[in-house]
Amino acid sequence: MTLDLSKPATAGYLSGFGNEFATEALPGALPHGRNSPQRAPYGLYAEQLSGTAFTAPRGHNRRAWLYRIRPAAVHRPFEPFTGRQRLVAEFGDSADVPPTPPNQLRWDPLPMPVEPTDFVEGLVTMAGNGSAAAMNGCAIHLYAANRSMQDRFFYSADGELLIVPQQGRLFIATEFGRLDVEPAEIAVIPRGVRFAVALPDGDARGYICENFGALLRLPDLGPIGSNGLANPRDFLTPQAAYEDREGAFELIAKLNGRLWRADIGHSPFDVVAWHGNYAPYKYDLRLFNTIGSISYDHPDPSIFLVLQSQSDSPGVDAIDFVIFPPRWLAAEDTFRPPWFHRNVASEFMGLVHGAYDAKAEGFVPGGASLHNCMSGHGPDADTFEKASAIDTTRPHKVDATMAFMFETRTLIRPTRYALDTAQLQADYFECWQRIEKHFNPEQR
């Protein structure tokens, strides 16, 4: 049996966010009534994968028990990976992380590679904060690839990977089973989970937020009530699937921002059954239940929050993943696009498809922008003039779009690559320079 990544998956998914799942690819492969029997069914090995401390409170504790053909320890020693490496995991001052300018920054899309490039080889770090070694903060990567991973497997020990495809589907094989992900969906691969990515459409491009800190969770809804935003039932986790395949394979590990490789003589996708609440999942952003004003004003963008990584300060998240999906705008006598803003938090934005309603041009699918702490930002001149004159007695639908934001409590520091790349738009600031002075003290 193999996890055939050459065609779409046929198995279904398990529904729910953070559930205690139990799934087996062979009948009776899950031990009954215990986690680690003296002899596991089918001659399997029992292995626990811990995503939090053993003593974390029950509501935050994440772990899974895997029943596999060989333990994860079975591989040759790691050695430095000699292929292309453009990753950063420490965001203090260094050759990779120069002083952070207060300028608003915007980039064109990462070009598609000319040479054959898989998902791992196509990764590049654009920005981040904190430290993978200290397990706080995040790294923001882009990827551009044009070939599937071949006899190669990958995992990150640095953090969980929130993957946002922008172009091209991803067929992702993991130790837990299969995820098929397309643009307008996201996938989350937990820290330490081994996976491989196939590209059924050839070229693929997208964004990744690698979360070094507390695991992503659904936000509390407060006065919204018991339903709304991203509903738990719409998060999908793989059913158990396995392959018993031997050969000359390569296992790549990411640790403290560096890539390492080891020879491995079998596929690590040999988990026949598993149970627990620490597992990969995907979510369709088009299912987000958008909340907005039906009277006046544009509410704070926290109403668009999909997932959060909490910090030690109540009400202040380390990372927020926010989307700006299709939605109706109905507020009267209101400037409907996102307003002009300076923020104590820092904002890295991307665009999956369509146009963002605060920028008439320049911010294109696959591109990105960074507005750091207290850097002024907001609609460009054309957007402001149009929105200031529109008839707000009639509702308007923002359609055929999907923008998103990684917002963090601490400064997002662009890497040397991000500041030196030809994709950096040197004229981004010009979009605000044509904003006119309308002030007249004689006319209210």
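Glycine is no exception: its Cβ is also placed from the backbone N, Cα and C atoms.
Per Swiss-Prot, the features are as follows:
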type	residues	note
REGION	92-111	region 'Disordered'
ACT_SITE	His298	active site, proton acceptor
BINDING	His341, Glu347, His377	Fe cation binding site
BINDING	Tyr356, His377	homogentisate binding site
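Feature map: Swiss-Prot annotations on the structure.
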{"residue": "His298", "record": "active site, proton acceptor", "Cβ contacts under 8 Å, 6 or more apart": "Ala331, Thr334, Phe335, Arg336, Pro337, Pro338, Trp339"}
{"residue": "His341", "record": "Fe cation binding site", "Cβ contacts under 8 Å, 6 or more apart": "Gly376, His377, Gly378"}
{"residue": "Glu347", "record": "Fe cation binding site", "Cβ contacts under 8 Å, 6 or more apart": "Ser369, Leu370, His371, Asn372, His377, Met405, Phe406, Glu407, Ile412"}
{"residue": "Tyr356", "record": "homogentisate binding site", "Cβ contacts under 8 Å, 6 or more apart": "Phe324, Met349, Phe363, Thr401, Ala403"}
Report summary line: DSSP tally for the region 'Disordered' (92-111), helix/strand/coil in that order, comes to 0 helix, 3 strand, 17 coil
Report task. Please report the number of other Cβ atoms within 10 Å of the Cβ of His377 (Fe cation binding site). Result -> 20
Query raised in the report: Hey, for the Fe cation site built from His341, Glu347, His377, who else sits with CB inside 8 A of the CB center?
Result: Pro338, Arg342, Asn343, His371, Ser375, Gly376, Gly378
Query - Per DSSP, three-state class assigned to Tyr356 (homogentisate binding site) - result: coil
